[in-house]
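Taking it in order: structure first as structure tokens, then the write-up.
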């Protein structure tokens, strides 16, 4: 084999090995975002729900500080239940529809996709029904979430 071809092949192999260590992107996050958009008031963006309270966003600890934060707490627990079923909620794709602030999940009942869709649907509907309190965004979690 030509040394130049061997060098290129080696570089590709090294790149693929490095890429295999990169965690998968949260494919489901895009679907969850669409569900949230379906249920929240127009003046809010879905991004306002990240880093809200003790549970909306990455991780979570302590007691939820309000009803909206409780939605995230329940959602986190639902994802935990999905993982116990060997279902990765952060990467599974599901079939859903939004129609006039109503959400529908279409995957087969009992399937991983349906379970995750139901987790996201329940949380998004909860977001739509809960008051957003601006001062609970970006709170000091070390102080309020222990």
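Backbone N, Cα and C atoms are what each Cβ position is placed from, and that goes for glycine too.
If you look up Swiss-Prot, you'll see 1-19 marked as signal peptide, on the strength of sequence analysis.
Around the Cβ of residue 54 (disulfide bond), 23 further Cβ atoms fall within 10 Å across all displayed protein chains. The disulfide bond feature in Swiss-Prot is assigned to 54-145 (among others).
Packing around residue 57 (Ca(2+) binding site) is summarised by its Cβ count: 15 other Cβ atoms lie within 10 angstroms of its Cβ, all protein chains included. Summarising the annotation, Swiss-Prot assigns Ca(2+) binding site to 55, 57, 59, 76.
Sequence-distant neighbours of residue 72 (disulfide bond): residues of the same chain at least 6 apart with a C-beta under 8 Å from its C-beta are 49, 52, 53, 55, 56, 57, 60, 64, 123. The disulfide bond feature in Swiss-Prot is assigned to 56-72 (among others); the stated evidence is similarity to another entry.
Under the heading disulfide bond, Swiss-Prot lists 71-126 (among others), citing similarity to another entry as support. The Cβ of residue 71 (disulfide bond) lies under 8 Å from the Cβ of 56, 123, 126, 127, 130, each of which sits 6+ residues away along the same chain.
Around the Cβ of residue 75 (active site), the number of neighbouring Cβ atoms within 10 Å comes to 22. The active site feature in Swiss-Prot is assigned to 75 (among others); the stated evidence is similarity to another entry.
Residue 119 (disulfide bond) is surrounded by 25 other CB atoms, counting those within 10 A of its CB over all protein chains shown. The disulfide bond feature in Swiss-Prot is assigned to 78-119 (among others); the stated evidence is similarity to another entry.
In this structure, residue 87 (disulfide bond) belongs to neither helix nor strand by DSSP; it is coil. All protein chains shown were included, and the count of other CB atoms within 10 Å of the CB of residue 87 (disulfide bond) stands at 18. Swiss-Prot lists 87-112 (among others) with the feature disulfide bond, giving similarity to another entry as the kind of evidence.
The disulfide bond annotation in Swiss-Prot covers 105-117 (among others) and is backed by similarity to another entry. Listed in sequence order, 94, 95, 96, 114, 117, 118, 121 are the same-chain residues at least 6 apart in sequence whose CB falls under 8 Å from the CB of residue 105 (disulfide bond). For the recorded site, residue 105 (disulfide bond), the DSSP three-state label reads strand.
The feature active site is assigned by Swiss-Prot to 120 (among others), with similarity to another entry given as support. There are 25 other Cβ atoms within 10 Å of the Cβ belonging to residue 120 (active site).
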From recorded positions 54, 59, 87, 120, 145, the one whose Cα lies nearest residue 78 (disulfide bond): 120
Near-site residues: Ca(2+), ref 55, 57, 59, 76, CB cutoff 8 A to centroid: 54, 56, 58, 60, 72, 73
For residue 120 (active site), the one of 59, 87, 145 that lies nearest, given that the recorded positions are compared by Cα: 87
Closest of 54, 75, 87, 112 to residue 119 (disulfide bond), Cα positions, recorded positions only: 75
